[in-house]
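Asks: Below you'll find the structure I mean.
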Amino acid sequence: MASDGGYNSVDLTWSQCSKAQLLNFYSAGKAECVKNVPELGGSLQGWKPGLYYGVDDQCRIAFGSTATACSFASNDMATCRALSCHIIPGDGSSCTRLLVPLLDGTECGPNQWCLKGQCVSPSKLSSSMVVHGSWSAWSTFSPCSRTCGGGVTFRKRACNNPRPAFGGRECVGEDTEAELCHRQSCKSNQLEFMAQQCSDTDHQSLSVSPYSASVYSWIPAIGFTSGDAQCKLTCRSSQEDFLVSRGAQFVDGTRCEPDNPVPAGSVTACLSGKCQLFGCDGVLNSGKMEDVCGVCGGNGSTCQHISGTYTGGDTKGTVYFLGSTVLVNDEYVVAGNGDMALNTTQPSPLEESRVIYRLYLTSELLPHQEDLTLSGPITDKIHIRVSGPSASSYMLNAEALNICLVIKKIVCYSSRDMIYGQNTVL
């Protein structure tokens, strides 16, 4: 591995039979070809092995496929003078040291690399030593992480062919490509898929003090966390209402709530413990979004805008528009059960097809406007009901209820004072 020869205690040691065969081969005078050393072409620094084999790679060569670089430093010897590795899987408390220098070109600190057993910085090197990073080949795509509901398949590459060193440039571009797969609906929705992963940890006790452990029931932490933090398998105790990470991460493809608004038609899903944005085409960071007609990457030319206003109606009467209706269960009724919630999303913020209700108040905290948005295209019938026991008890001061639906064309409907019983709109 280094200037004094290679060493391996597990994977690459010679068997006694191989050793005997090799000695016989050399002693018989059949190995004269090894004395014909070809001239090294190209730039010498481009061949520095540490640029291609990092410390983890060197540990695997020396101690076996499960070995990794030591995660803590020892002050009794310079970093580049010995190879230190964790050799027992899962044991990060101890390291085994091999007294051979790290390969030239191995990174030994921020903007520092090993050369002849010394950890040096670019300022001590000539400009001809600069090595720019280059990508490895792409891996094959991983299997889809889910069988339905939209899992993720991905492939990766690494900036290690060679690694950037001695002040060289990092690789340009992404190290991961991913896309959604198996997007057909499951029997359960996205929230239930997340909830199942939380509840699967119910049997794992939680130590709340050094002397006791308790068992809790775990539910999704929707509304309490978002973004990358949500993808760390963060769940909420249903009994005492606190948050805990119940594992490394949610299954890739588990939907997550983004920290910021996302473009129309985009999907946010967990990937390797991070909340990632997939375009409407299902491709990671593609930037593709739906136009106002609900067409992915469209220009808004495939639909038309229709608007109307309704200002009256008989108590318990029904008004139909466009000759069709859409059924929304009682739990989706505007301000459900008479509660004036400012923000309501059904069945959950994780669903790609959802009903979003927003209530806007005046400075005097009186109802000013309601927005009801249904993501489309909608193929089923929908009934939207706005009701109240009396004109004075429900949204009397509301200026308008704005309903925007995407069916085969955009339909925006504005209704004033729809407070007299039930009104079905579409």
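Positions of Cβ are set from backbone N, Cα and C atoms, glycine also.
Just so you know, TrEMBL annotations are computer predictions that nobody has curated.
Copying in the features that TrEMBL gives for the protein in this structure:
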| type | residues | note |
| --- | --- | --- |
| BINDING | CYS33 | Ca(2+) binding site |
| DOMAIN | 49-120 | domain 'ADAMTS cysteine-rich' |
| DISULFID | CYS59-CYS85 | disulfide bond |
| DISULFID | CYS70-CYS95 | disulfide bond |
| DISULFID | CYS80-CYS114 | disulfide bond |
| DISULFID | CYS108-CYS119 | disulfide bond |
| DISULFID | CYS144-CYS181 | disulfide bond |
| DISULFID | CYS148-CYS186 | disulfide bond |
| DISULFID | CYS159-CYS171 | disulfide bond |
| DOMAIN | 190-303 | domain 'ADAMTS/ADAMTS-like cysteine-rich' |
| DOMAIN | 328-387 | domain 'ADAMTS/ADAMTS-like Spacer 1' |
Asks: Is it possible to get the count of other C-beta atoms within 10 angstroms of the C-beta of CYS70 (disulfide bond)?
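Replies: Result for CYS70 (disulfide bond): 20 neighbouring Cβ atoms inside 10 Å.
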Asks: In sequence order, what residues of the same chain, 6+ apart, have a Cβ less than 8 Å from the Cβ of CYS108 (disulfide bond)?
Replies: THR79, CYS80, LEU102, CYS114, CYS119
Asks: Cα within 10 Å of CYS148 (disulfide bond) is the criterion; apply it to the disulfide-bonded residues CYS59, CYS85, CYS181 and give the hits in sequence order.
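Replies: Cα filter at 10 Å returns CYS181.
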Asks: Going by DSSP, how much of the domain 'ADAMTS/ADAMTS-like cysteine-rich' (190-303) is helix, how much is strand and how much is coil, in residues?
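Replies: Once the DSSP states are binned, the domain 'ADAMTS/ADAMTS-like cysteine-rich' (190-303) shows 14 helix, 34 strand, 66 coil.
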Asks: Specify the secondary structure state of CYS119 (disulfide bond) as given by DSSP, simplified to three classes.
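Replies: In the DSSP reduction, CYS119 (disulfide bond) maps to strand.
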Asks: Under a three-state reduction of DSSP output, how is CYS95 (disulfide bond) classified: helix, strand, or coil?
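Replies: DSSP assigns CYS95 (disulfide bond) to coil.
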Asks: Might you list, by sequence position, any residue in that chain lying six or more from CYS85 (disulfide bond) with a Cβ less than 8 Å away from its Cβ?
Replies: CYS59, ALA62, PHE63, ALA67, THR68, ALA69, CYS70, CYS95, THR96, ARG97, LEU98
Asks: Of CYS144, CYS159, CYS171, CYS181, CYS186, which is closest to CYS33 (Ca(2+) binding site) if I measure between C-alpha atoms? They're all disulfide-bonded residues.
Replies: CYS159
Asks: Which of the disulfide-bonded residues CYS144, CYS159, CYS171 has its Cα nearest to the Cα of CYS186 (disulfide bond)?
Replies: CYS144
